[in-house]
Amino acid sequence: MADKIKNAKIVFVVGGPGSGKGTQCEKIVAKYGYTHLSSGDLLRAEVASGSERGKQLQAIMQKGELVPLDTVLDMIKDAMIAKADVSKGYLIDGYPREVKQGEEFEKKIGAPALLLYIDAKGETMVKRLMKRGETSGRADDNEETIKKRLDLYYKATEPVIAFYEQRGIVRKINSELPVDEVFAIVEKAIDELK
Ligand SMILES: Nc1ncnc2c1ncn2[C@H]1C[C@H](O)[C@@H](COP(=O)(O)OP(=O)(O)O)O1
Ligand SMILES: [Mg+2]
């Protein structure tokens, strides 16, 4: 089964909470037929299912902490295999959150062809998340948890970007711009993959 995704085009979408990863992924899906897998969305779906695993996950996520590595990776892999026949590529959104997660992903699934680094200022991310929190219903879109998520992002995820920069696959995207202008930069990076 895992053979099906062996040669798949894999794009890591990395950036702080509220940087605009989900927004850009949605546009990539519409234009390029990629499959969008947000690790956060997969986890929230598990929570919503009410399963025992979901309950444990909820407690961790509410504190703004990282969920155990194997759990996230298994969920991503299953979702990739499920879409293998219809997918032109995969957007792995919000993963890897730390270098070790990237290494495990490559061992179990494959190497990314590109890392889109969706970059916005801390104050911009906070503003966007507070606004999103008005309607998102996400337990972690509140001021206290946002601050923790940002701190963790800077500590754990920035080394991920440095790690893949050595391989020359990082494209830094200025996400301070309006959505469509951000997407114009994203398109260039994706087009280079063909
Ligand atoms: N370039 C941009 N300009 C203004 N607002 C943006 C933006 N990109 C995203 N947003 C808004 C949409 C959401 O309400 C919020 C967070 O975006 P998101 O795509 O959900 O971020 P992420 O998935 O990185 O957490 O910010
Ligand atoms: Mg998101």
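Yeah, the Cβs are placed from backbone N, Cα and C, and that goes for glycine too.
Record check, TrEMBL: ATP site residues include GLY18, SER19, GLY20, LYS21, GLY22, THR23, ARG132, and the candidate from LEU66, LEU69, LEU177 also listed there is LEU177. With respect to ligand 2, the binding-site residues GLY20, LYS21, ARG138 contribute LYS21 as residues with a C-beta closer than 6 angstroms to one of its atoms, given in sequence order. Sorting the region 'NMPbind' (38-67) by DSSP state (H, G, I as helix; E, B as strand; all else coil) yields 22 helix, 1 strand, 7 coil. Every protein chain shown contributes to the tally, and the Cβ of ARG138 (AMP binding site) ends up with 15 other Cβ atoms within 10 Å.
In this structure, the binding-site residues SER19, THR23, SER39 were compared by how many other Cβ atoms lie within 10 Å of their Cβ, and the smallest count belongs to THR23. The binding-site residues under consideration are VAL67, LEU177. Their Cβ neighbour counts within 10 Å are lowest for LEU177. You'll find the Cα of TYR95 (AMP binding site) roughly 11 Å from the Cα of LYS21 (ATP binding site).
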